[in-house]
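I grabbed these lines from Swiss-Prot:
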ACT_SITE  LYS180  active site, proton acceptor
ACT_SITE  HIS298  active site, proton acceptor
BINDING   ASN128, THR178, LYS182, ARG299, HIS331, SER383  substrate binding site
BINDING   LYS206, ASP208, GLU209  Mg(2+) binding site
MOD_RES   LYS206  N6-carboxylysine
Amino acid sequence: MNVQNEKSMTVRGKDRYKSGVMSYKKMGYWEPDYTPKDTDVICLFRVTPQDGVDPIEASAAVAGESSTATWTVVWTDRLTAAEKYRAKCYRVDPVPGAEGQYFAYIAYDLDLFEPGSISNLTASVIGNVFGFKPLKALRLEDMRLPVAYVKTFKGPPTGIVVERERLDKFGRPLLGATVKPKLGLSGRNYGRVVYEALKGGLDFTKDDENINSQPFMHWRERFLYCMEAVNRAQAATGEIKGSYLNVTAATMEDMYERAEFAKELGSVVVMIDLVIGYTAIQSMSNWARKNDMILHLHRAGHSTYTRQRSHGVSFRVISKWMRLAGVDHIHAGTVVGKLEGDPLTTRGFYDICREEYNPTQLEHGIFFDQNWASLNKVMPVASGGIHAGQMHQLIQHLGEDVVLQFGGGTIGHPMGIQAGATANRVALEAMILARNEGRDYVSEGPEILAKAAASCTPLKQALEVWKDVTFDYASTDAPDYVPTAVPAA
């Protein structure tokens with residue numbers, strides 16, 4: 001069927017409110033003639049109907065169940081501005097190359113959402129509707145957030161520009177490392193890793209997502225040893241350093257206590273995990289803003305709902321929500337590392353974090369223009385399976401405003417942690433110098449690294465150990481678009 005040509009079937013007048021069951025199309029949730037307002041929130045869903053279910057009806061059901069509808073007509077609709085508050089599915093397209101899947105464009109009136117609340121937004125657009133029986137699967141692919149709604153959020157407490165000013169580091173990616181092994185180290189040994197990595201040339205070290213307060217190392221002990229390491233490394237190098245102290249805990253009271261202690265010790269940054277939830281993330285963002293702290297977000301748990309192509313929530317949507325919620329850093333993929341990341345899709349994530357305005361770019365998976373209304377920018381973090389030998393590729397794909405985190409690529413160095421950090425710093429400086437000189441650092445990357453390694457034994461060792469190690473697997477989440485040939489002039 002040609003889903004794009006099906007006309008409105010909305011029942012008008014008294015018949016609309018007769019008791020009984022009525023199709024979602026007839027209840028007014030399918031409005032192909034509707035033109036979205038500048039103030040509408042627009043969602044793009046990938047809808048996979050059950051066999052025999054009309055895709056228009058399935059898409060209208062998504063609109064209804066994520067806004068005002070229930071399974072039967074209710075007379076109390078007449079006590080509301082029902083036609084205004086109904087979400088309106090106004091377009092349904094087949095997904096290119098995916099039989100039985102459809103893109104449904106749904107517009108929501110801004111008054112349906114509480115200002116400045118990610119929890120309220122998500123309770124509607126990814127609430128009960130994802131369990132709706134007539135659907136095999138449902139995925140939220142993208143959203144257009146109107147300026148009127150964006151302005152109700154505070155956004156990142158620090159932002160890229162101010163973070164660079166505080167660190168006094170410009171013109172290059174920042175370097176970091178996640179402490180490994182992620183679990184099992186004592187506080188003293190943990191602090192030793194932090195010191196050696198920072199002294200060797202890194203800007204940051206980082207707790208991993210699941211290091212909180214365990215029997216082998218309580219949080220207070222870790223914070224004390226880490227900040228001793230940071231202070232010693234700063235004194236030794238003359239550079240501002242930091243360590244992402246994970247304050248994730250069982251309750252908000254515990255998290256505030258840990259964050260306050262980190263501040264008292266002089267930390268410039270604290271860390272939280274995505275799994276703490278949207279309300280907790282916004283609460284910690286408010287705390288970070290009041291206390292002039294950088295807020296780092298580890299996206300722990302995201303792949304449980306972002307990785308599958310047909311069901312869940314795209315990470316581009318999570319990126320938008322987190323920019324609104326107010327985090328300064330977010331892990332956003334590496335392209336060449338060990339974790340999921342199609343190159344074009346990942347560039348879309350980075351654009352969402354870093355740009356003031358996102359134009360529609362279907363090849364990057366971005367379906368809508370997005371104006372960020374001067375909201376601070378988020379620093380993306382690339383972490384997971386990267387090493388010095390990939391430096392030219394990382395800069396090519398990810399650009400300059402990014403934190404490159406070499407965990408195993410620092411701590412696994414055969415000459416030790418400090419040497420691993422030095423290898424990464426020298427590789428980065430060599431590549432940035434080549435870029436600034438106007439050289440083709442991408443094609444000349446291996447040559448540039450080899451020349452730098454000739455006078456840097458740690459880098460030479462790193463290149464010998466990891467060579468051209470990469471994780472070359474097909475992505476499960478590539479953009480859905482069909483390139484169109486440009487006619488000859």
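Placement of Cβ uses the backbone N, Cα and C atoms for every residue, glycine included.
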Please report the Cα separation of LYS206 (Mg(2+) binding site) and ARG299 (substrate binding site) in Å, rounded to an integer.
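Cα-Cα, rounded: 14 Å.
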Quick check on the recorded positions LYS180, LYS206, ARG299, HIS331: which one has the highest count of other Cβ atoms within 10 Å of its Cβ?
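Buried the deepest by this measure is LYS206.
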Work out the three-state DSSP category of ASP208 (Mg(2+) binding site).
coil
Taking the Cβ of SER383 (substrate binding site) as the centre, count every other Cβ atom within 10 Å, in any protein chain shown.
25
If you measure HIS298 (active site, proton acceptor) to LYS180 (active site, proton acceptor) at Cα, how many Å is it?
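So the alpha carbons of HIS298 (active site, proton acceptor) and LYS180 (active site, proton acceptor) sit roughly 16 Å from each other.
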Three-state secondary structure of LYS182 (substrate binding site) from DSSP?
coil
For LYS182 (substrate binding site), what residues in its own chain, 6 or more apart in sequence, show a Cβ-Cβ distance under 8 Å?
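LYS182 (substrate binding site) has long-range Cβ partners ASP208, GLU209, ASN210, ILE211.
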Whole-number answer please: how many Å between the C-alpha atoms of ASN128 (substrate binding site) and LYS180 (active site, proton acceptor)?
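LYS180 (active site, proton acceptor) has its Cα 39 Å from the Cα of ASN128 (substrate binding site).
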Using a Cβ-Cβ cut-off under 8 angstroms and a sequence gap of six or more, which residues of the chain neighbour THR178 (substrate binding site)?
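THR178 (substrate binding site) has long-range Cβ partners THR205, LYS206, ASP207, ASP208, SER383, GLN405, GLY407.
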Just to verify: the residue among ASN128, ASP208, GLU209, HIS298 with the fewest other Cβ atoms within 10 Å, which of the recorded positions is it?
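Counting other Cβ atoms within 10 Å of each of the recorded positions ASN128, ASP208, GLU209, HIS298 gives the minimum at ASN128.
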